[in-house]
Amino acid sequence: MEESSGKTTKKHPWFWSSAVASIVLRLVLIVYFPNTLNFSSRPEVSTPITSLRRLAEGYWLKQSSMSPYAGSMYHGSPLLLSILGPLTGDRGEGQSHLLCGLAFVIADFITAILIRAIGQLLQVADIQSLKSLGASKFSKTSENFPAGDIAALVYLWNPLTIITCLGYSTSPIENLMIVLSLYGACRRLVPLAAFGLVMASHLSLYPVILIIPLVLLIGSGLDTPPRKLFLQPNHGDGYKKTNFSWRRVVLFFLWASVWALYVLVLCSISLKEYSGLGEMFKRTYGFILSVEDLSPNIGVLWYFFAEVFDFFRDFFLIVFHINILFMVLPLAIRLHHRPCFLAFVYIAISSILKSYPSVGDSALYLGLLGLFVNALADMQFSFFLFSGYLGTLLLSPVMHNLWIWRGTGNANFYFATAMAYACFQIILVVESVSSMLNHDRALKKGATPVAKKIQ
Amino acid sequence: MSRFLSISILLLFVLHVSSESAGEEEFTEELLFRPLPDRKVLSHFHFESRAPPTNSYGHHHRLFPKAIYQLVHKYRIKQMELSFTQGRWNYDSWGGFDPIASSNAKPPGVELWAVFGVPPDQVDASWKNLTHTLSGLFCASINFLESSTAYSAPDWSFRSLSGNLRYGSLPREAVCTENLTPWLKLLPCRDKSGLSSLMNRPSIYSGFYHSQRLHLTSDEFDPVALHGIMLEQTLTIVLQPDSLETHPSFSGSRKLQPSWSMSSLFGKTVDGKCALAKSSNVYVQLEGSLVYNMKNTWNSIDSYEGDSNFGFTVSPDRMMKEINSIDKEGYSILYGFSINNDHSSKPFDLGFWWKLPVTWSCVKAPLRVSRFLMGSGNEKGAIALSLQSTEWSQSLLKADNNGEKCNLRVDVFQLVPWYIKVYYHTTKIYVDGASQSLGDIIEKMSVSPSEDKVSPGVMEMILRLPCDMKSASLTLEFDKGFLHIDEYPPDANQGFDIPSAIISYPDFQTRLQYKLDTTSIKSPMVSKMQERRTILSYTEVLLVPLTTPDFSMPYNVITITCTVFALYFGSLLNALRRRVGEEERLRKSKDKSTGKLRLLLSKLSAKLRGKPWEPPSSTPPSSSSKFISTKVVIKIILIAAIAFGWQYYDG
């Protein structure tokens, strides 16, 4: 694996230059345009959970010996408060959040590097399994496109990622933790995977569902074509049967509980003088689950819960949260042989249906989408989706401006863009899932004749 | 007979002694007029009822209103103040330093605060009950203060009596006669006779400022009750008198101040005092600077004489001069008129007329305070509190402590509703336009941030401002909240009110001390003026527009959102379970070989129906139809079982 990754870097020196260029772009924007690009107040970028301004308020409350969760300003993790809080202090005019910006740039860069490493691992595994299947047609295309580099660059140059980074929202750190757990699982570094998962779900509840792809990754290895293809009698050679390693999974759960305990202990230490863990859970997870804040964002739940009759509120809360959980099992059954793709689908679904979505979440799954560039090459509606994303993301600030600032439009204008955005995201998920399934079918079709030829 | 007489004398004596020791119920009515520099007249009614302590006097009262007595006892109120105000007190031209301004200038709408003599955990319950009772008593929506989002418990910046104090205000409340009538009902003579008969509704409510206040103090629940319950009812009105007559000689450069009389201000006269009142007095107060200016220009008055700047239609019974005046140049003068019942022939109609033009200005509060909103749009904004020094305070402070670095202490108490989400870390202070570090100016700050739909944000601050500053301002940024559709009032687009902030100056205390001559009767209003009290001023109420959702949309939003969710769920599930040709065939062949469960089910259904079992593969169409029917039957049974179970456990 090391050799192959070395090869790809030699082959594509342009990766590093463009990655560095994207970092430089971020730094230039942060240092020279700190106030002109006021992304931090955009509802698309900073949600009540990820807003750095709220974090600064929580830090201020903590500094003045109050619970950071007093009032309903801060809803993030106490650990984030201890790490990022000191960086939010005012350092003169215009320089306010420079250090935080730097932290987010670094987080973005590490995320991109990890995505690239995942991509390389996936590619190697893909080529191996395709070769063993004898589907040389597919393996050639797979070698041509360095999926890791593409995914990392898509992540780094995605305007959504750049906006999130400049908008001082804490989602780059959440994304880093999610990608870290995926990387750890791909590498089968059990403690790292467990740490990433625990931290990510500590920061924003939803990554908890990633436990299924992570277990699959740790247990049975990287993405492969469906197992039954290998089991067909005509090409049993080249394929060595890998068992589901329960030992590693048990180890993963052990590590996860150790990390969870560790995180809880750290949280209770940092909250010791002010409040307990109970309040923390109420203010973070409770806030996420009960959709208390009705300020607009690119999701659809805020307007729904602003309008829905109080009597039905609990019912719809349950329905919408169950909706995420409901698809977890069918997807896991159908895509269990591709845990990385499964993780991508889960991330995409949770970022569509989560209570306070932001473009930072979209940036992550769009980056991960690049990992499957070979498999999803013949995805339908890709141009339509691209223009749809572009259109809604350009319209959304316009509609927000019309509604909030000019008062010439009303809430429905903004809600309509949020609705359209949700629809495009849904189409993306559905299309990527069905084209991945089609890809597997094509593999089957492609594999059989080759195998016959060999025979 | 002699025995009976002696007993009755004894009885009388005993009664007398007991009443002497316990004190009597008392009711006094007073009215104060004060000409204001901007050609208006302040009239201030002051009614005071006292009930002696219950343990010495008993439960029955002759004068004291029963409703208030029961209120005090039910909720164990130590102190309470309720005010209904319309209009805004003009601190610049009506004064901000005198006792009337600092105790009777109230924020618009309803303000209520109360101190309870109950254990701290029962205070909130008492408050909630009290708001409901008062709401019924005064025909006002005071019950809106019941919600925990509307009131707060200030720690130290308000009235310094903390602990069991609760404070709330409703800036939007409209004040009208329906609030005045129940208030008048608490007076023993209502508005049938006495000074309260002046309260002609149209003239009262056409004034520039109108504030009716009810202040309760009781020491009923103290271990040693001395005073009992004291109920102070005041009505402060600022009216614009129509000029009765115009002197032609002064119509040129300087205009004569308007003359006025009771009948011209209120359209009514006083027929006599309230028979139940202990005393009934009318006062006319002339401010120190007015007296000083008159003395300067006309060097006349030392006592009321005919040749002074002004004249009364009724000659005053008393004249009191201020002693130990804060304003070193002039002293205030109070003219007293007693109303007696003996002159039944002529109704009492006090008139005041000016002979010569005079201008003066009121004693202002140390700082001129105003509060305003900054920013535009409905997403965020900032609250700014601007404090500007008045010339008067500067001179006073310089005189007070020359030499050492002097500073002016300002206490700020601000209550912000939860939908104004204030970022307290963005507090900035500018002194004379230059940004200052918070530590230099803020001596103490305690904040309880607002919690969504639970509690308002409360900010209490002690500022130490340098004396030589011209202006200071304090800004706080906030985000505007988004409310649920039901939380908007009917006129949602009008905006939401942020109650007035209270600014107090604990370094300054106001009192008007009058030299009481021996003949003057004890007057509760004058003694109130002599009490030391901290200077308070209220800022403006802020009107914050909030964005509204589309109120007509709930059904559309629900259906459209649910459609999107259905789209997601349906299409994803469809993508997952869709099979193409080959897979379908594979599945069918599998079914044929290993349809064990189906076989079992069909066997079971055959047994149930009492028919001999036949293998399903033999006759495909009939078996399939049969199978579907068993499926349906099983489903129905399952659903019925669930429904039964639900009914059983739920009922």
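A Cβ is built for glycine as well, from the same backbone N, Cα and C atoms used for every other residue.
What TrEMBL says about a protein is an automatic prediction, not a curated fact.
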In TrEMBL, which of A:145-167, A:283-305 is labelled transmembrane segment? A:283-305
Quick test of your reading of TrEMBL: among A:54-75, A:384-405, where does it put transmembrane segment? A:384-405
Could you tell me what the rest of the chain brings near the transmembrane segment (A:411-430), counting residues at least six beyond its ends with Cβ under 8 Å? 296-300, 303, 306, 345, 348-349, 351-352, 362, 369, 381, 385, 388-389, 391-393, 395-396, 399-400, 402-403
Same-chain residues at least 6 beyond the ends of the transmembrane segment (A:189-218) whose Cβ lies under 8 Å from its Cβ atoms: 49-50, 76-77, 79-80, 170, 173-174, 177-183, 245, 248-249, 251-253, 255-256, 258-260, 263, 284-285, 288-289, 324-325, 328, 332, 336, 339-340, 342-343, 346-347, 350-351, 354
Quick test of the contact rule: Cβ under 8 Å, at least six residues beyond the ends. What residues does that give for the transmembrane segment (A:249-271)? 67-68, 77-79, 81-82, 190-191, 193-195, 197-199, 202, 211, 214-215, 218-219, 277, 279-280
Who are the chain neighbours of the transmembrane segment (A:311-333) in space, where the CB to CB distance is under 8 Å and they lie at least 6 residues beyond its ends? 206, 209, 212-213, 216, 289-291, 301, 304-305, 342, 345-346, 349-350, 353-354, 433
Is the transmembrane segment (A:12-33) packed against any residues at least 6 beyond its ends, judged by a Cβ distance under 8 Å, and which are they? 98, 101-102, 105, 108-109, 112, 116, 146, 149, 152-153, 156-157, 162, 165-166
Excluding the flanking five residues on each side, which residues at least 6 beyond the ends of the transmembrane segment (A:283-305) place their CB within less than 8 Å of a CB in that stretch? 43-44, 47-49, 69, 72, 74-77, 204-206, 313, 316-317, 320-321, 352-359, 396, 400, 411, 414-415, 417-419, 421-422
